Each structure stands twice: as C-alpha cells, then as structure tokens.
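Asks: So TrEMBL says this about it:
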COMPBIAS  1-17  compositional bias 'Basic and acidic residues'
DOMAIN    568-719  domain 'STAS'
REGION    1-29  region 'Disordered'
TRANSMEM  108-129  transmembrane segment
TRANSMEM  149-172  transmembrane segment
TRANSMEM  216-235  transmembrane segment
TRANSMEM  241-265  transmembrane segment
TRANSMEM  378-398  transmembrane segment
TRANSMEM  419-441  transmembrane segment
TRANSMEM  461-491  transmembrane segment
TRANSMEM  512-540  transmembrane segment
C-alpha cells in the first residue's frame, strides 16, 4: 500500500472535519470520500481483489432544440425523391414486389388447389353468415368476393384467408337489428311499419321510387358500419397506433371469441327449430333469447328440426374425420357444400316450403348491384359500434398473419396489414358488403391444402364470381336450418377452448381468470360490453401484479457471480452483515409502501430500531446521576449503541423497469432511514432508465456515485472490503438526536 493511500486511510472523521464546524453532512461527505479511497486501495491489492469495479463513461447527449427537431422530422418525412416515391408505392402495393418474382412451376398448383377448396367452403359459409349479420344471402357472397380480391393486392401474408368472420357478423347483426328497431321496422315484416326513420326523413330506395324495405335498410346499416370500421383501421395505420391491439391478449381474445360463440349459437337456435322470433338485443340478450325459445318451443317446425338433426349427424362426424386425418388427406372433404347441395335438392323436389312451411333462403339474384355510397345519416348512429369491430378485426388479422408468417419463415408488416384490412372494409362498403377479417378455420384449410402465395385469393374470388353470376339462384330452396347448422358446427374450435383450461390454469392462473371474465361478460352481457370488461379487467390484473409483486433475499450460487432467491434454491452462499434484496416490479406510487414493507420485513426495520434506541437512551439517562459533565454523558449514551450485525443492504434493481417521483422519494427515504442506524444502502444493476431517473431525482450527489453498481457481485465485493478495512463507511448514529 502506498504511503499516500496509507495516510488517507489513517484519517479519522474528527481530523478530517477540523475547521469545518464538524457538521454531520461534512462527516458524511468525508466518509464517502474515504469509502471511495478504500475501494481504490482494494482495486490495487491483488491479494483481496475478488472483482474489478466497472466504470462506464456515458455518451454525451446533444442539446437538441425542439423546434429544430420538428423541422428536421418534417423535412425528412415531406421530402420527395424518385427512390422514396418508388418505395412508398411498392410498400403500399406489396403485389408489385412478389408477383414479378412468382415461381409458376413451384407455386401455381398449390395456390390453385387451396383457392378452389377455400372458395367451395366459402359459398355455404358466406350464405350462412349473412343470416348472422342480419343480411340477405347474396351480400355474404359479395363480401367474400371483394375481400379476397383486395387482400390479394394489399396484403403481406401469404396464407391467411380474409372474408367473413362469425364474431364480426354477430356484432354487425346486433347493430343492424338495433337500427331496424329504431327506424320502426317490424321484425315480422319486410316493410317498415312507419314511413319515417328516427331522424324524420323518408327511407327512399335510390334504385326506385319505392320506400326502402327491411332488407335494403339492413344492408345500408351494415355498409355504414363497415365503412366506419375501415376508416378507423386506415387511420390507425396512418398514425401507427397498432399498439392498441397489444391490450387484447391471447387469453382475452380467446375468451371473447368463446363468449361470442355462445351468443352466435343462441341466435341460430330459432332457425334450428324453425321458430319465427324477434332478435333480442342489448344486455342479457342471450338469456332473453333462450326464454323466448322455450316459451315458443311448442311452435317448433318438425320439418326444420328433422333437417337440422340430419345435417348435424352428417357434418359433425365428417368434420372430425377431416381434422383427424388432415395429415393424410390432400384436401379436406367439402362436406358443407355436399350437404348444401343435397339439402337444396331435397327441399326443392320435396316442396318442403309449400307443404311444411319450412323457412328457406329465397331468391338470390345473379350479378352485381350498382355501387352506392354509405348512408351518411347513419354514420353518427354506428360510429361507436364500429370502434370495437375495427379493433377486433385488426387484432385477429394481425395475430393470424404473424403466426403463420413465423411458422413458414417470412415476415409481415403489421402496419400494412392494417391498411389492407381497412381497405377490405372501405371499398366493399360501396358494393353492399359488411365487415371482414381473417378467420382461423379457413386459414388453416388454406394452409393445409398447399397455399404458397396470395394468388390463391384470386382463385377463391373466381369461384365466388362463378356462383354470383350463374349458380346463386339454384340455392332458392335451401332451408335456413341447414345454414344455421353450418354456422354452429364451425363454432367447434372456439367451444373446445374449455378443454385447454386445466393446462392454462397450470401455466397462468391470472390468464385463466381473464379468460373466464371476458367469456362470461361477452356471453351474458353483450359482445361490445364484454370486450370492454375484458380489456379493463386485464389492465387491472396488470396493475394488481405490480401492486403486490414478488420480493426475495438473494444468495450467491457457488463458484459463480449469479444470485438467486434463497427461498427458492438450496445451497446458496450469503455473506454475514450483507443482505441482497430483489424487488420484481417497477417502483412507483402504487407499490411504494409494498416495497418498503417487504424490504423492512426481510432485513431490519430502521424505524423500530431508532425507536428502541431512543427508549433505551432515555432509560439510561434517568438511571444515571446528573454530573457537571452531563453533556459528555449524553454524547456517550448516543455512541454506546451496540453495532448491528447487518452493515450493508444491496438492492438488486434489475427487475425494476422504471421509477416515478414517488419511487425515487421512497429510495431516498429508505437510504436515509438505514444510514441513521449505520447501514449503508447500495443499488445494483439499474437499467439506463432507472439510472437517468435517479440522476434527475438527485438520489445521490456526484461524489456519491460509488453507491450505484453495475452488478450485484460488484456491490457485494465493495461492501465486504469497506467493512473489513474501516468498518462501516457511513454515519452510525452520530446524527441521531435524543429528545
């Protein structure tokens, strides 16, 4: 040891403070300097150097004027060049990038096969889901056709199938029925019971001078909702607020879809039984619908009931066989189309509608209707409904596209997916369509049948075009009970989630509770309220996790520099006089008291120790005889406390993501309380955000930066050498005042 270092080491607090009024703050500052000197000695002593002190120099931050920053950003984003224009166009139209590179020999067979099969499956599903959305069957065919074409042009996923989705159809149907009731339409008739809508204007069909009937008004509402949903999705893409979807966790989405599936099943029950019942809306519609069903069950149409049972007996086993042997089958059996064709022929030649009053699909026109702008007067009525629909549609589409992209080794752009699904709603809304998104069942079929690129969407659209131009009128005699069975059978995947609950419970009980709350609220209240309840409850659970987080004392893993919880692992080494505390959560205003109580409980409570010291000092003063040198006796009482075994607390901050003002104040308070009883507090493994917050909050002065360490091992080594060489390096009761 050098003579200079030795001289510094030999300095006592009394010597170093001569001529400086001997203030406690001066003592504290000098002792901190001594601790820094001691550590320098420790670094130069090879015999007792277990670890090097890490020193990292921060980058200098340039002082950027806010005005200059804004101008720079605007110049960067607003400048136009041929290269930037080309990249913008190619980014907005991904087809211009992948289509010129299309490998015809490698991909065409898989794309054609998957496109044909998905198109065949979409025909009966599009017709069936139209009823769920409160629309005529032809509008479901329109929706699937336009969505397939537009996503082919704008989408970045090669495998997802964009079209009708049961949950969105249900949400559209609820909005349509509500607006029909507001407009004065009697659910039992196709013409309005009142000639005026809620705003007092006549409902005129723009294609003729006749009053707009129920079907016409229903698609006007559906198109208006679809237009607004698309506008929201494109706006989210422009402002890059796709982060909204992160609030919809997998557990929340799964619970929402399962709860909505119960509502879908309930809405189709009347078609299974052939009952003519009004559709219930609002809170508790599921229970209300079942009450109406059981009250009118004696009016069941036996023909529809028998047809429903026969279709279930055919569809369910075949669907299960398709799923069980999907690895061996080159393509799934198109059992839905077979059932639709067979049921249509049986209904037509058996004259089930004429003889048994069976409910049928009715006339499905061929060709396309002329485009029409959405009804602007309806926009204020449906703007709020479109918010939930747009978020659900985007979240489902992006999650499925990312899942299949990861599986097949390519990337998708979430922002472009938002544009794609947005325009899949905006443009078709002018052609009498309703809201679309990706659907898991059809996407799985598309992938398993050899899909390679988005070109399969064009093949699907061609199949639907053939149906729209030629085949559609042949479905006139198709019973609605058959369409209801197809819809219900396709809910199998969502309802099977109950089988996964035990596994989910073992993995995360919190996610399971979120699933149950979202599922029950979506089923028993309504889909929109259920989604809102699920999001709010999920956020509450996140807050709850940080409000009462885990905390533990750490020990050193033998022959390593790794620290783990002593309550979770055996054979961990601990150093006498040193406690290492880990808090697994951000430290902010909600959990600051939890942090303090956990720290005090697992180490020592400085408040209680100070109170005990004061009581002991008072007792000793009363017992002693007052002498002329009473002041010296009082000081001797202060310094007569037995030193604590614990001399250092290291707080592992690696799991503290951020600090707020209350968190910084809590750390200051903890440090002050412990220093008052002679225990030093060291912080280790603070991330840059926490370090920056500590600096701005003036947690420590510049000369006290040796209290912050880059690793727990480094902090422990510093604590050991500071204790061994000069005892405790912070005041141990000198600032304690006795009352």
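Keep in mind that glycine also has a Cβ here, set from the backbone N, Cα and C atoms.
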Asks: For the transmembrane segment (378-398) and the transmembrane segment (108-129), does the number of C-beta pairs under 8 Å, pairs 6 or more apart in sequence, reach 3 or more?
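Replies: No, since the transmembrane segment (378-398) and the transmembrane segment (108-129) share fewer than 3 Cβ pairs closer than 8 Å, they do not count as touching.
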Asks: Quick one: find which recorded stretch in 216-235, 241-265, 419-441, 512-540 has the most Cβ pairs under 8 Å with the transmembrane segment (461-491).
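Replies: Top-ranked stretch among 216-235, 241-265, 419-441, 512-540: 241-265.
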Asks: Thinking of Cβ pairs under 8 Å, which stretch from 149-172, 216-235, 512-540 has the most of them with the transmembrane segment (108-129)?
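Replies: Answer is 149-172, with the largest number of Cβ pairs below 8 Å.
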Asks: Given the transmembrane segment (149-172), which of the listed stretches 241-265, 419-441, 512-540 has the most Cβ pairs that are under 8 Å apart from it?
Replies: 419-441
Asks: Taking the transmembrane segment (216-235) as reference, which of 241-265, 419-441, 512-540 has the most Cβ pairs under 8 angstroms?
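Replies: Top-ranked stretch among 241-265, 419-441, 512-540: 419-441.
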Asks: Tell me, roughly as an integer, the mean pLDDT over the domain 'STAS' (568-719).
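Replies: Mean pLDDT across the domain 'STAS' (568-719) comes out at 81.
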